[in-house]
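Visitor: In case it's useful when we look at the structure, here is the feature table from Swiss-Prot:
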- 189: active site, nucleophile (ACT_SITE)
- 152, 178, 189, 276, 400, 405: substrate binding site (BINDING)
């Protein structure tokens, strides 16, 4: 079940960015599993990619080509084309070469993306056979269909959109994402595509994508596994009648940054809310750190703990597991006598021990909720970080045990 995730909001079209969807039948006959995205000529494209050393063939190719004048993005689901060696790289090149042949652009202007089962050969002929249908389907109004087309174990499509005014001109930022398992992005299986009609220089766009990912996609985790295929792309078509943003300053940049960050946050949190088998959406706040890294270390140790995640699933306020996780997070010279821990607004541990006013009934009441905040005060400094995660349910085990059967 998706926690607090409803139907897609209105996804505003972005001038100069079109999406087309078709069926290649990679995993299931008739399923629409190929998505082609066309960027208007002159668009700038930025991206962040997985840091997994076993990165997939399409990631290798996309990283090489993202500096070029990108015109198309090609995504397939049902097959990750990862762990496939040189044949996998050749397969990714073949699919982009076919799309180049059909569109008249150079293959170096096409970025490939794949998601699905790792270690199986990419069905190149099936993908090639679906490309013309995807091209025929291209439309600026196809965001919702594309959000569905990139899904794998997701139960719901994920998207967000923002618009703002500047000098009488409306600027749009719209994005979609997919992911429900193998989620612990580190850039950043997860894919994200965000487009705007603002005109932005590539350097500014790349830094905007990095900052946006670090505050959203790189702060979510479901199971601690970093995918081989994670990518998040930001495209600026330049179709809005406003000057180019070539510096990270000024009112227009500030408005765009806020819109991009909000879209990133919405689609990143949607991945957590749709986590495989998730019944709880959990916010882990770590405050009072001596530096940001130790806040992240504590936050991720808590978020990844199987004992904490199963307690969350059982609605069991077993707060000792939280203390144990904080203690093993590797923070040097940690003074446990300064640590406070809260479940929601309920103080469960004060100065490293059970809070005098805490009762089991208070903790149980919080743990029964679908959305829970675990707040940890380290008492070491003024740095803070926030991680979003899920519980760990029987359904998560079932989904992943049966993934290939």
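Along the chain as shown, the residues are counted starting at 1.
Just so it is clear, glycine is given a Cβ too, placed from its N, Cα and C backbone atoms.
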Visitor: Have a look at the binding-site residues (152, 400) and report the one with the fewest Cβ neighbours inside 10 Å.
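Guide: Each of the binding-site residues 152, 400 was scored; lowest Cβ tally within 10 Å is 400.
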Visitor: What does DSSP say about residue 400 (substrate binding site): helix, strand or coil?
Guide: helix
Visitor: Going by DSSP, is residue 178 (substrate binding site) sitting in a helix, a strand, or coil?
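Guide: Assignment for residue 178 (substrate binding site) reads strand.
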